[in-house]
Amino acid sequence: MGPARRRDALRLRGGGAPPLLRLFPGRLSAFPLFLLALLLGFASLLWLQLSCSGEGPSPGGQDRGVPRQPCPPPAPLQPPEDEPSWGPHRLALLVPFRERFEELLAFVPYMHRFLSKKRIRHHIFILNQVDHFRFNRASLINVGFLESGNDTDYIAMHDVDLLPLNEHLDYSFPEAGPFHVASPELHPLYHYKTYVGGILLLTKQHYELCNGMSNRFWGWGREDDEFYRRIKGAGLQLRRPSGITTGYETFQHLHDPAWRKRDQKRIAAQKQEQFKVDREGGLNNVRYHIESRTDLSVAGAPCTVLNILLDCDTNETPWCTFG
């Protein structure tokens, strides 16, 4: 059988080149193969970007109740110590934390990359509460402030489940007063005008002027509402972002309430106490012990984990435990 008849026989039996290769006429050369590989690579990268950024549909078309994870960032930038364009200030990023490791794995490399691109010197502190009391976000921030060292001159109270998506958000030194990055106009969940939670920047001088945060708030919520009153009582002017047009899409909220319940119980006198201003407590009377201090790297991003044992006076705040 001659070559021509063998080709005809293969064609009749369904043989020959695969469908994608038939797009290229005649004999296949190196260039069409290279072009095909390039197109396939581009398509796979585009699919990956859409699937992890939230711009495309989630696998299986199930979007509700499934928090999207941010795309893995590229290798973190390392600020040169003698580079003047990074500025003279250094941020202590204080992250209250307990048993939310999947969020931590996303948070640390993302925030390190985000701040490095903005040329902001920073140190990320994971404030891990390891005692058996109820979670106390305010006390952990007080501890983080006291343990952050003299090489940082301003702080960010930063929730671990909130990632900034807009690169124009300002994390620079808040010299003019406390700067609420996650303002009510931008936060995906909380929109009342006195809200100062999520992400709040203060100079260390201003935080001391407020005597830090109240240590009386065990369980979830209300500590930032009390801190708003402290800001006003100290005569400080609260500022918020301007010119941000991304609205409620400015941040990615990683928290999924369906499987991570918040501790919102109010026990005994706690129901009344949660609305009062603590005029005496704060930085001056936070009681704690540092069980360990560990410097580590998460996907190449440096951070310091403080394992913190808080102490509670059950005569003063019996609601620090469930009894």
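Heads up, the Cβ atoms here are built off N, Cα and C, so glycines get one too.
What TrEMBL says about a protein is an automatic prediction, not a curated fact.
Among the features that TrEMBL reports, transmembrane segment is placed at 30-50.
According to TrEMBL, the region 'Disordered' annotation covers 58-85.
Under the heading compositional bias 'Pro residues', TrEMBL lists 69-79.
The domain 'Galactosyltransferase N-terminal' feature in TrEMBL is assigned to 88-171. Counting residues of the domain 'Galactosyltransferase N-terminal' (88-171) by DSSP class, helix then strand then coil, yields 28 helix, 23 strand, 33 coil.
Residues annotated as domain 'Galactosyltransferase C-terminal' in TrEMBL: 178-253.
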>> Counting by DSSP secondary structure, give me helix, strand and coil numbers for the domain 'Galactosyltransferase C-terminal' (178-253).
In response: 20 helix, 11 strand, 45 coil
